[in-house]
Structure formats: C-alpha cells, structure tokens
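Enquirer: Take this structure, written in structure tokens, and hold onto it; I'll ask about it next.
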Amino acid sequence: MSIKNRFVFSLIVSFPMLVEMLAKPFGFMLPGGAWTMFFLTTAVMSVSARPFIQSAWAAFRHHHANMDTLVAIGTATAYLYSFYAMLTGKAVFYESAAFVVTFILLGQYFEEKMKHSASGAVSKLVDLQAKDAEVMRAGQLVKVPLAEVVVGDIVRVKPGQKVAVDGVITEGTSTIDESMVTGESMPVTKKAGDHVIGATMNNTGTFMFRASKVGSDTLLSQIVEMVKKAQTSHAPIQKTVDKVADIFVPAVLIIAILTFTVWYVFLGASVVNAMLFAVSVVIIACPCALGIATPTALMVGTGRSAKMGILIKNGEVLEAANRIKTVVFDKTGTITAGHPQVTDIVGDTETVLDVAASLEASSEHPLAAAILDKAKTAGRPVIAATDFKAIEGKGVQATVNGQAALIGNDKLAADNTLTPELSTQMAQLQSEAKTVVVVGLAGKIIGLIAIQDAPKASSASAIAALKKRGLRTVMLTGDNQRVAQAIATEVGIDDVIADVLPGDKADNVKRLQADGPVAFVGDGINDAPALTTADVGIAMGSGTDIAIESGGIVLVKNDLQDVVRALELSKKTFSRIKLNLFWAFIYNTLGIPVAAGVFFALGLSLSPELAGLGMAFSSFSVVASSLLLNTSKLTSTPAPAAA
Ligand SMILES: Nc1ncnc2c1ncn2[C@@H]1O[C@H](COP(=O)(O)OP(=O)(O)OP(=O)(O)O)[C@@H](O)[C@H]1O
Ligand SMILES: [Cu+]
C-alpha cells in the first residue's frame, strides 16, 4: 500500500475519534465508547501502521533499532495499554496511537511528494526527445519513430525540429539550441563535421547528420541515468548520522522508561499520564528528519547542477569537493581551446611541411590535425609515411621516401643536434606560447613548426575565481616548460609542471596530494588515470565525446567557468546537508525534555499527537530547506537559466 493510501485510510478511520475529541467538552461520546475506539485504532494499526511495525521487528531481529522502532514502540504502547485499560475499566487513549500514525504518514507523504518533484525534473528531460525522425532509407527520406533510428542512419533536420539522436553533421549548417542538455543558453552554430546532441532544438538551418549514438547510449540518456544514480547515492556524512541513530534509539527508550518511572513513582502521576509523557518522548525523538536531511539536499543539489550541465556523480564526490586545496589542469583542450593552428614554419617551408604532413598522416595527436590542416590549406599533397611509430609524449618516427624521418619535441631529436641558430629560434617561439616541434629527415633537423593553441576565453576569469576561493592552481602538461609557462602567465595559473609524459600525470597528481586534496580537470580521454587518482576528477566534455566514466564530476560544456560553479554548488549542497542535520538534531534534543514533562510546571508539555505533528513538521521543514537549494544565488558568474 502506498504511503498516500495509508495516510488517507488512517485519516478517514481516525476521523470519528477526532470529532469525539473536539466535541467531548460538549458531552459528545462515540456510540460504543472505548470498544468503537478499539476497533478503529486496530484498523489503523493493522493497515496504516503495519509497515512501521514490520520494519521495526525486522530491525529488532538483527539487533538493530531504527526510526520505525520508535514509531512502533510509541504507538504500540498507547494501543496495548489502552486495550488493557479498557478490559480493566480504566481510562484509554487509543486516539493517540491513531493520530500519531496519521501525522507521521502525513509527513512522509509530503516528503515523498517533494522528493518526487525534485527528481522528476531531471527524468522529464527524457520527454524532451523527438518523437520521430526523417531518415534516409533506400535513397528516400522516410519518417520513422525514434526507436527505429539506428547508428549510421542519415537523418534530416529542418528548422524548428528536434535533433533525434546524437550524431555528426554531414551536410548543411545551422544554429542549435542545446540548453536543455548542456545548460548553455546561447544557440551554437554547427557545420559539417560538428557533433549534434539528441533532443536539442534546431533553430535556423536544414542539415543532415549521421547518427552515432541511439537509445540509451545518447548523451541525454546517459545524463539522466547518471543523475538518477547521484540522487539516490549516499554521502559519507550519512554514515556518521546512522551511527548516531543506532545509539540514539536505545537511549531514547531508556529516557522514556525513566520518564514513566519518575512521573508515576516519584511525582505521583496517574499511570495514564505517566504513560502519555513516555509515549510523547518516544514519538518526538524519532529521528526521521535526520534520516532525510542528507538525501533530500543531495537530490536537489545534484538535480540543479545537472540542469546547468554539471553532473556530480554521487554524494561522496560532492563531499570531497569541499575539501579541495589544489586544482590541477591539463593544458590542451582544458585551458586552451584544443584547436591548435600552425603559425610559423622555420626552414624550407614546403619540404618541412611535406615531411611533417607525411609523418602526421597516421597520428591521432591534436598537433597532427593542425599540421595536416596547414598542408591542406597550402595545397600540399600528403603522402603517408611507412613504418609509422608513435612515441608517447614525444612525437612520431617513420620512413618518408625511404629515409628515416621524425617529428616531435626536442627530446625526440636528442641525437639529431639542433644548430645554435635553430635553438634560439625555438626558444623565441616558445616564449610566445607556441608549441614547437622539430622535423628531422635522414639524421638531420630540417626545420621547425610552431603551433599555437590559444586559451579559451573563459580560462583566465575561471582561474581568477578559483584563486579567490583560496585554491592553488597548477597546470600539468606534456608540453615544453617555456610554452607552458607562457600560457600559465597568460591565464594566471600559479604553478606549472611541464614535460610530463602522459603516463606520469597520475604520479604528479599523487605528489600534489601531499599538500591536501586535489581536483584534476582534464578532457578525460588520455587523462583517465589522473582523473581517477585525484580526490575529485573533473572531466570536461567536448560535444558528445564526453568521458562519462572517468570523472567524479562531468562538465557537459567545455567551459572552465563550470569548474568554479561545480565547486560552489558542491559547497552549497554540503553546507545545506550540515544545516539540515543541525536542525533535525536540535529538534530532537530540545523536544525530548519538553515531551518528558520537564517544563510541565511552566505549562509546557507535548501530547503524543502534538509530538507526531511536530515530527511531521520537522520532516517537512527539512525537505523545504533542501528545496531552497534550487533558488539560492550563485556567486560564480550567473549561470544561464536552464530551459
Ligand atoms: N604526433 C605528434 N606530432 C608532433 N609532436 C608530438 C606528437 N606527439 C607528441 N608530440 C610532442 O610531444 C609533446 C608532448 O605531447 P603530449 O601528448 O604528452 O602533450 P601535449 O599534447 O603537448 O599537452 P597536454 O599534456 O597538455 O595534453 C608535444 O608537446 C609535442 O612536442
Ligand atoms: Cu519520525
């Protein structure tokens, strides 16, 4: 039975008793008296309260006590005592048990509803998907349902239509509104070769694209899956809370017994009154607000960041993000735009470019793309080299026209000595923040190629914002020290670790961890070991190629400013968790003495019903406090409003 139905049942069945309680002063009595109340309360206990009792019993058998233990003991005491009192002709308080169950269920119902609306916001993203797509089949465009689009399909998208699945544009250009997936409010211009994301909205042009990911593989599906997981994950702080709850429950039971004893034996209260105090103690102490303090905040926090294109994988990452002392950045594609361009060629331009392009024809390196691009625009034919051998973090060796050739950094060219003249030119270009590769042929260096990869527009401001938060910033790169330093100075990075081989990045992260927890920001493709080694791995997504696996936080957009936002949102969510825990805890600790009747002489006391209502209210306020996370202001540059 759902919480809602249990609540409604309990409300309806308890209603006559509520009427009686209110009308008692006017002499109204339920027909059947205590026996009627017995039947009504028995119905509430066996239908609506049953899951509490079952859960409490299951916990008891494992020598545990949980919140349901308190609810079960509190209501069962009221119920069983009243039964005994009824048989022996004494005063009964059945209604306490029935009302407490009703109020607790009311609190839980609210909690469930709010949780649902918080998590529903993200799941609704799936509804944003297109319903159908125009797909090329046997040379003809046909409309097919979304589920029938397969990888490799050529899909046509007209203005105002949704992009059906993830893919790469083959023909045409357009501007696309990607806000629903990436949180980026500005429409993005796309041309052939660019990635498109399923469920985004095509604005201006008509284009064709080749489907690369469909169904549950699409970026949107993966995001929804990840957020769902994050929202139900646990934060380590919850473990401490659970431990407290473990000793809390037995302690409360002892206090309740003491309360009864003191009132009955020492203060001369009637059994019923002494018992009411004890039952109130048990009910008010029920730590359900403590139990939901963490999960609700986590749910709202991760849900909100997801809408901004910031995916925080779980509560553990979120908590760790608060302790970060150092933020380490990969250079290429993270601080820089990752679109390197050839700026200078030293030596005989055509020969140097031809040899370089031959060498790079089979390379996957970003620098290779820049060189091949240059050869293409210069109209040079590219003859692929043979015996291709990539040397990680250094360059490429191969045979060009039957002669040994190489391209790469000066380490690769170690035994091919650079002339003093080339050395000076190299140093000069490097100090201009250009990556310089040497081109060698037949045992001789024949020239240099300088390649520039400019920092992203937002890098400098993002780094400044991180430094303002007291974080140390470090750049980790395989590039040369001089180039790295020039770029670091441009964007304001504190420290540079250059000439790092790809395999050594993780070790460098480990070394930096000696000074405190480290976040590593990388593009996630060859940075996977560093991302997993760091306390918090932040993977930057480029289009649809996001490395969802490796990072604890995944940024859907390629914007460093999101690193600042991710840290701020983590901090906000975590402090909300702590605030919730504090209030929930204070509520219990202050409530117990009141319920026990310590302030009875001052006219301050709590009936079990009021205690039940108070408990419902405390859960309610914790959920409301978590929901406030959705609207709290961010100090890092205002985020674009999500759709
Ligand atoms: N295919 C290649 N062509 C030319 N040079 C290369 C190639 N591969 C590596 N190199 C040289 O080796 C250096 C280190 O390469 P690596 O891939 O480790 O890092 P990177 O791309 O320069 O920077 P980052 O570590 O920030 O991604 C490059 O700067 C370049 O000089
Ligand atoms: Cu509770």
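Backbone N, Cα and C define each Cβ position, glycine as well.
Where the annotation comes from TrEMBL, it is an automatic prediction and has not been curated.
Not measured: the values here are computed from a predicted model.
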Enquirer: Among the residue ranges 430-449, 610-629, I'd like the one that TrEMBL describes as transmembrane segment.
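Expert: Comparing 430-449, 610-629 with TrEMBL, transmembrane segment matches 610-629.
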Enquirer: If you look at how TrEMBL annotates this chain, which of 12-32, 33-53 comes out as transmembrane segment?
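Expert: From TrEMBL, the annotated transmembrane segment range turns out to be 33-53.
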Enquirer: Please work out whether the transmembrane segment (272-298) lies in contact with the transmembrane segment (33-53), by counting C-beta pairs under 8 angstroms that are 6 or more apart in sequence and asking whether there are at least 3.
Expert: no
Enquirer: Could you check whether the transmembrane segment (91-110) packs against the transmembrane segment (33-53) - three or more CB pairs closer than 8 Å, residues at least 6 apart in sequence?
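Expert: Yes, the transmembrane segment (91-110) and the transmembrane segment (33-53) are in contact.
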Enquirer: From the DSSP assignment alone, can you count helix, strand and coil residues within the domain 'P-type ATPase A' (128-228)?
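Expert: Once the DSSP states are binned, the domain 'P-type ATPase A' (128-228) shows 21 helix, 41 strand, 39 coil.
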Enquirer: The transmembrane segment (581-604): which same-chain residues, six or more beyond its ends, come within Cβ distance under 8 Å?
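Expert: Those are 237, 241, 248, 252, 255, 259, 263, 277, 280-281, 283-285, 287, 289-290, 293-294, 611, 614, 618, 621-622, 625, in sequence order.
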Enquirer: Note the mean pLDDT of the domain 'P-type ATPase A' (128-228), expressed as a whole number.
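Expert: Summing pLDDT over the domain 'P-type ATPase A' (128-228) and dividing by its length gives 88.
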